[in-house]
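**Q** Relevant sequence annotations retrieved from TrEMBL are reproduced here:
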{"type": "ACT_SITE", "residues": "His114", "note": "active site, proton donor/acceptor"}
{"type": "ACT_SITE", "residues": "Lys140", "note": "active site, schiff-base intermediate with substrate"}
{"type": "BINDING", "residues": "Ser6, Glu29, Phe30, Arg31, Arg56, Arg181, Gln207", "note": "3-dehydroquinate binding site"}
Amino acid sequence: MKLDESALAATTNDLTREVDARGVADLIEFRMDQADDPLEQLAAYDGELPIIATNRARWFGGKASDTGRLDDLFSASRYDAVEFVDIELETVRAKEWLAHEFRENDVQLIISHHDFEETPDRDVLDAIIEQCAEFGDVAKVAVFPQNQGDTLTLLEAVNDATNRGIDVAGISMGEIGSHTRVIGHLYGSKLGYAPLLADDNDYAPGQIPLEKLASLIELTKNERVDGQVIDTIRSEVSVPKELTLSD
């Protein structure tokens, strides 16, 4: 699957729920680190949507321990339904051979970087995106904003990387950055993520339920995003009052 345009991934730890995402999402992000018997789930998978396999380490917000984490991820990459594998930048920098090994299984690599404390300065953020792109097919950066200016830093970095020919996914986390999940594609972000869960109470701050996010993104695909659309987005997520998407 080539990410020619922005795609929406539904995140779940239960592949039997893939049917709930059909018609809304383009892919499934399978959180192996939070799943019961993840390899057995992959072996039994008969869904329609291609899979992003993620086995996030504990130090990057996941639940996977070091023991066997990469081995399980490599095993997952052998399944035909798995078209993307997410690997942390810090992991692939320490073990550069990983990228080659995974590509032997004909999967695309999402090289990701997460900063749960801050948004790096623009030059640092640009360098991180470049490093992710050096190792992977898609560079994913998820950073935490301290203010609305930080969300603009993220969006501008995504836009400039896109103009340089990099396939990039950018997310500004938390409530302050929640609107970037809606409008990121307007700046060139190739991937959006939304959890496939039962209700809003289970979502972390800043995340938007799948169907709601899909509907809000659809609103922004109009030829002109007017004040009414902005008001709708603002009523659903945390959006700065000064936000304008069109002149």
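Backbone N, Cα and C atoms are what each Cβ position is placed from, and that goes for glycine too.
Curation plays no part in TrEMBL annotations; they are all automatic predictions.
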**Q** List, in sequence order, those recorded positions among Phe30, Arg31, Arg56, Lys140, Arg181, Gln207 whose Cα sits within 10 Å of the Cα of the residue listed as 'active site, proton donor/acceptor'.
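**A** Candidates kept after distance check: Lys140.
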**Q** Can you tell which of Ser6, Gln207 has the least company, meaning the fewest other C-beta atoms within 10 angstroms of its C-beta, among these binding-site residues?
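**A** Checked Ser6, Gln207; of these binding-site residues, fewest Cβ neighbours within 10 Å: Ser6.
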**Q** Does DSSP give the residue listed as 'active site, proton donor/acceptor' helix, strand or coil?
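**A** Assignment for the residue listed as 'active site, proton donor/acceptor' reads strand.
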**Q** Which whole number of Å gives the largest C-alpha distance between any two of Ser6, Glu29, Phe30, Arg31, Arg56, Arg181, Gln207, the residues noted as binding 3-dehydroquinate?
**A** 23
**Q** Give me the non-local Cβ neighbours of Glu29 (3-dehydroquinate binding site): same chain, 6+ apart in sequence, Cβ-Cβ under 8 Å, ordered along the sequence.
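**A** Glu29 (3-dehydroquinate binding site) has long-range Cβ partners Ala9, Ala10, Thr11, Thr12, Ile51, Ile52, Thr54, Asp86, Tyr193.
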**Q** Pop the Cα-Cα gap between Ser6 (3-dehydroquinate binding site) and Lys140 (active site, schiff-base intermediate with substrate) into the table, whole Å please.
**A** 13
